[in-house]
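S.K.: According to Swiss-Prot, the record shows the following:
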- 2-22: transmembrane segment (TRANSMEM)
- 68-88: transmembrane segment (TRANSMEM)
- 102-122: transmembrane segment (TRANSMEM)
- 146-166: transmembrane segment (TRANSMEM)
- 171-191: transmembrane segment (TRANSMEM)
- 217-237: transmembrane segment (TRANSMEM)
- 253-273: transmembrane segment (TRANSMEM)
- 294-314: transmembrane segment (TRANSMEM)
Amino acid sequence: MFLMNLLLLIIPILVAMAFLTLVERKMLGYMQLRKGPNIVGPYGLLQPFADAMKLFIKEPLKPLTSSISLFIIAPSLALTLAFTMWIPLPMPQPLINMNMGILFILATSSLAVYTILWSGWASNSKYALFGALRAVAQTISYEVTLAIILLSVLLLNGSFTLSSLITTQQFTWLLLPTWPLAMMWFISTLAETNRAPFDLTEGESELVSGFNVEYAAGPFALFFMAEYTNIIMMNALTTTIFMGALLNPLNPEMFTFSFTLKTLMLTATFLWIRASYPRFRYDQLMHLLWKNFLPLTLALCMWHISLPVIMACIPPLT
């Protein structure tokens, strides 16, 4: 039964991820006043399947100087971790209702750093290594703010369980009292998933393609799938934390509909940002985090900690 539930979670994620690649290409196309893919199938709807078939029937490259075992493990581990992060996410019922669901997601996303590092190092190419080192520095840096923002929001929630966020947000979204944190969280998730304008890891003009420069065919497709799965996951997490849908036990389908709609809107915003903004310089990226986001998130975290203490002497309004 558990295996069946697991498949019912993974297969829709794979389908969503496949069509996200198509939506991105279509959206960028229309924003650049062109059509995007429109040949394979009606309106180009079968394009993701054609891409997948092309990539998986090609012969994978194994560079002579690479460390083969790490070179092959890295992409498969990246996709496995991308799927693992969905386990505690309530939609409205999680696959496994963990007591520390948020910590599990943070820990798993931290492990994803290793896949990038391994792929860059095992490729034995200077471009791949530079791309991997950039990606690792960027991901580790932005995880600091993600963790502090989560702590601040969870002080309002009173629990590390993701399901309790639904109960907390029955009357109002947490986005309203914590909107500065939500804005910083959204920008940090952009950096965490290596999306434009923070896609420094694959700066074409300087690093060719970043940490996956030596990958082709199947292993490259696995990295690609992991990236897009992470994008949907991060937006689903943002929806759960800041824009919790109302759960009516008599009609749980409405929760899923609302949850999906908000996740789609956030994902469309990710793609819109990619179409609109140029890439940051690396020093600007680090300056934004360590000089701007970190002091602000720490100050707001202190405010959230001290607020209940300040308000403790005020009698409740009955």
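Placement of Cβ uses the backbone N, Cα and C atoms for every residue, glycine included.
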S.K.: Any chance the transmembrane segment (171-191) and the transmembrane segment (294-314) are in contact, meaning at least three CB pairs closer than 8 A with a sequence separation of 6+?
M.R.: yes
S.K.: Ranking 68-88, 102-122, 217-237, 253-273 by the number of C-beta pairs under 8 Å to the transmembrane segment (2-22), which range is first?
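M.R.: Selected stretch: 217-237, with the most Cβ pairs under 8 Å.
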S.K.: How about long-range neighbours of the transmembrane segment (294-314): same chain, 6 or more residues beyond its ends, C-beta under 8 Å?
M.R.: 144-145, 148-149, 151-152, 155-156, 178, 180-181, 184
S.K.: Check the transmembrane segment (146-166) against each of 68-88, 102-122, 217-237 and return whichever range has the most CB pairs under 8 Å.
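M.R.: Against the transmembrane segment (146-166), the leading stretch is 102-122.
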